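According to TrEMBL, the features are:
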COMPBIAS  519-534  compositional bias 'Basic and acidic residues'
COMPBIAS  569-584  compositional bias 'Basic and acidic residues'
DOMAIN    15-501  domain 'Major facilitator superfamily (MFS) profile'
REGION    508-584  region 'Disordered'
TRANSMEM  12-37  transmembrane segment
TRANSMEM  57-74  transmembrane segment
TRANSMEM  81-100  transmembrane segment
TRANSMEM  106-128  transmembrane segment
TRANSMEM  165-189  transmembrane segment
TRANSMEM  201-218  transmembrane segment
TRANSMEM  230-247  transmembrane segment
TRANSMEM  268-292  transmembrane segment
TRANSMEM  304-326  transmembrane segment
TRANSMEM  333-352  transmembrane segment
TRANSMEM  358-384  transmembrane segment
TRANSMEM  479-498  transmembrane segment
């Protein structure tokens, strides 16, 4: 007997709740650690350089390994990789909490980064497996994104409360119960999916991907901190060169680490470029907003977190509204509209002043993140919706990697521009008679100015703080104005490159025929990992000839229905056979 399947049921939605746990934790982790850094540095005796490595090594490892882990999940099983990563994350979190030296903490943070690189692509790829109906997948991605923003918003609040009652190690132990819950429920609520004919992992490709990404991320971070020095510039060039070698090798391999044919789909490529540029603009300016609340407005981290809650909620509202809007309007138009709303919010941010300007800052962020919610949810759905199910891990990893690179590039370019404006404005406004060391420290950044003021007499300190606040606000408003213009340009790019995507219809995506295994946690017949519109026998097998409403040629090189609204992608016949979903 055949059973018609297509829409996700209660089990999948409960499984989605499980998938939001690591997403929430990863976004919570960075903001909590930022608050804990002064405490752990004092306790462990970490130098300034060691503090930077404690913060940065986690992001380095995630950025470098996202592509590898996304592809590895497609090969060994996405649920399996997710649970392995959760186990490693739990063990490393305990080790980090009880670190006895800066070196030990740096090492455990590196392990946390490796584990973290397994979590993000696995969760998104599993969402694409569990929710093949376009409307349901759009809502699921909106929930996933809301969990991420919830972690960002709650980080300062949770971190502040945690550090008031516990020692700094509690910041790391926070993730242990979350991961244990994932390990306990994941095997029963999440499907397993792996590509049957994915081939072996190529170690040289893994090494080349690391050699391409890590130097670029490192170089961009160092350029943001100290300018265009020879070493970071050389690192960026070397990373780009390794990237060329990596791409050439992928073209030659029968089973590449990264299937470059994905980029032949213009919807996928356009959405990925827009996502990278979005990260560049947003990443280059957002740190200025957080610093303004804490340093210029004088709020504590917890108070700043509370003030930022409305903007995070606005992004949640935008992301939740996006799937319904996409049924009536073209996603390209909606993404462009969301980016225009973001530009409007940045226009409001140009009105922030040195006297605090908290209300204006929060209003601008609420407007901008409302637009971000719409654009980001639809952009992520487009990236996942146009790839074959067997490549969903790679696609989600590329999405995350492009965002990481965009943010790093934004900090190095726009962030450096804002810092240059601050430095030039402050240099012209510094009171006379300051010690050279105080001048040097103050011109490095707004936090340096606050530190330098603590070494000066009250009169000079007050003058320095006032000048620094004015200079920093000038840098912030300059960045806001430039970002508003750039977001308008990005909106135009999104409208032009994505205008072919139609509203309200299922995407025609390249996708392999799949075999369905057992339901999560059962040994019987399954309903997960299916393609929309597939007929499934009682033994759980999807017949390739039945995919696409019974067309005998569907699944054999023709387009298969499923994915985001309205994107046509013609499949390579080799991509449409031999893939399977299994449940162990």
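In case you wondered, yes, glycine gets a Cβ from its N, Cα and C as well.
Contact between the transmembrane segment (57-74) and the transmembrane segment (358-384) is not supported: fewer than 3 Cβ pairs lie under 8 Å, counting only residues 6 or more apart in sequence. Each of 12-37, 304-326, 358-384 was scored by its Cβ pairs under 8 Å to the transmembrane segment (268-292), and the highest score goes to 358-384. Packing against the transmembrane segment (106-128) from elsewhere in the chain are residues 15-16, 19-20, 22-23, 26, 29, 50, 53-54, 57-62, 64-66, 68-70, 72-74, 78-79, 81-82, 84-86, 88-89, 92-93, 95-96, 99, 137, 140-141, 144, 190-191, 193, 380, 384-385, 389, 392-397, 399-400: each is 6 or more residues past its ends and has a CB under 8 Å from a CB in it. Below 8 A, the CB atoms of the transmembrane segment (12-37) and the transmembrane segment (165-189) form 3+ pairs separated by six or more positions in the chain. Long-range Cβ contacts of the transmembrane segment (230-247) within its own chain (Cβ-Cβ under 8 Å, at least 6 residues beyond either end) map to 205, 208-209, 211-223, 258, 260. When each of the listed stretches 165-189, 201-218, 333-352, 358-384, 479-498 is scored by C-beta pairs under 8 angstroms to the transmembrane segment (304-326), 358-384 comes out highest. Using the rule of three or more Cβ pairs under 8 Å, pairs at least 6 apart in sequence, the transmembrane segment (333-352) is in contact with the transmembrane segment (479-498). Only residues 6 or more beyond the boundaries of the transmembrane segment (479-498), in the same chain, are considered here, and those with a CB under 8 A from a CB of the stretch are 266-267, 270-271, 273-274, 277-278, 281-282, 284-285, 288, 330-333, 335-337, 339-340, 342-344, 346-347, 349-350, 352, 364, 375, 382, 414, 417-418, 421. If you look at the transmembrane segment (358-384), the same-chain residues 6 or more away from its ends with a CB under 8 A from one of its CBs are 124-125, 127-128, 137-138, 141-142, 145, 149, 267-268, 271-272, 274-275, 278, 282, 289, 292-293, 297, 299, 307-308, 310-312, 314-323, 325-326, 331, 334-335, 337-349, 351-352, 392, 395-396, 398-399, 480, 494, 498, 501, 563-564, 567. For the domain 'Major facilitator superfamily (MFS) profile' (15-501), the model's average pLDDT works out to 84.
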